[in-house]
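Asks: Here Swiss-Prot flags 3-23, 34-54, 73-93, 107-127, 184-204, 225-245, 263-283, 347-367, 371-391, 395-415 as transmembrane segment.
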């Protein structure tokens with residue numbers, strides 16, 4: 001019986017995929033197809049929730065099949081991330097886009113990411129205080145106990161890693177290993193390796209222009225092929241969003257969400273407020289924030305449904321270059337750094353809120369100005385340190401809580417709502433990296449404002 005029900009669910013999913021394909025054949029805009037996929041995925045997931053239990057075998061097996069589309073799409077994006085970063089950054093050097101301002105570009109992007117993370121921490125603190133979020137009364141079940149054990153094991157290894165060791169982890173001792181994404185710091189390591197190749201190219205160009213020109217032509221050919229691969233994968237975005245959204249909603253435990261409803265609500269209020277701050281920063285830079293919102297919507301939608309900042313990188317880079325008019329070098333640096341450094345959602349809002357929740361349990365008044373200022377500073381600085389250990393929100397929270405001498409057990413107690421909150425956090429992370437790239441490009445005078453201000457026509461190219 002279960003097999004029949006699973007078959008029906010999969011058949012419905014395939015029909016919905018067929019509808020999206022029909023929309024593509026009718027040349028419905030890319031944005032509309034992504035938005036349709038998001039809405040239909042939510043509705044389909046809710047229907048499955050209503051018919052079955054989230055933990056039922058039917059839902060579990062159906063989600064496994066849905067994963068062929070959703071997780072398959074994410075894996076394709078992850079496949080292209082490293083080649084895209086490597087080729088794009090080297091290409092930026094060969095096109096003389098990163099010859100003079102390399103240090104200024106890197107410093108400005110990282111500075112904006114860390115600054116906005118500090119602001120995000122303040123927003124998280126305000127949301128926690130406003131909604132009176134507290135760890136008191138949270139119960140530890142079997143799932144939470146298992147998660148706590150894993151958290152404590154991981155924390156032990158993080159605690160032993162010194163700051164110099166974290167910084168050394170960023171260097172690519174084996175670039176071919178990092179191209180496989182084997183280490184938490186692989187993304188930044190590939191950026192550094194690509195920058196070294198680019199700098200070497202500039203030196204070779206001065207002494208041996210013929211060899212440099214040959215390398216440039218070869219790289220241009222590889223770049224064209226990689227970008228064609230990116231375009232082919234991006235066309236699958238609506239199908240990936242549909243499957244990921246249906247899978248997430250169908251498998252969510254509504255009862256657990258309701259128990260931690262106050263925390264979930266406070267988290268999303270903080271995420272929305274921080275996103276509005278991104279728009280305000282863009283407006284203060286002399287750019288139209290509505291134009292930004294319209295052009296990055298598909299990227300944020302995918303980040304929301306996939307919960308993968310790294311998986312969203314190809315869309316992130318494509319949107320920055322082709323839609324926002326950001327120069328190639330800045331777009332690649334902003335997207336790459338944003339995966340590991342200064343994540344507004346995972347390393348900003350989330351750790352700050354957990355610290356505010358757990359502080360009263362050890363006799364600390366979380367509303368004391370000294371505690372708040374210290375927490376904001378620790379969150380901002382730690383958001384850079386996370387780059388050396390990886391692990392996203394969980395380990396960002398571990399670093400902050402341990403630095404503040406607070407219990408780390410709270411990280412395990414919110415496991416039941418982790419997927420739901422992580423969706424919003426990831427979207428904010430990606431928005432933060434694009435905001436950093438946009439503002440940096442504007443301040444350095446490298447923004448193509450004609451591209452930024454024109455109507456979005458690039459989505460049509462992806463669709464064709």
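The count begins at 1 with the first shown residue.
Cβ atoms here come from the backbone N, Cα and C positions, even for glycine.
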Asks: So which of 3-23, 184-204, 225-245, 347-367, 395-415 has the most C-beta pairs under 8 Å when paired with the transmembrane segment (107-127)?
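Replies: Stretch with maximum Cβ contacts: 347-367.
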Asks: Counting Cβ pairs under 8 Å to the transmembrane segment (34-54), which of 3-23, 73-93, 225-245, 263-283 comes out on top?
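Replies: The stretch with the most contacts is 225-245.
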Asks: Between the stretches 3-23, 225-245, 263-283, which wins on the count of C-beta pairs under 8 angstroms to the transmembrane segment (73-93)?
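Replies: Answer, by Cβ pair count: 225-245.
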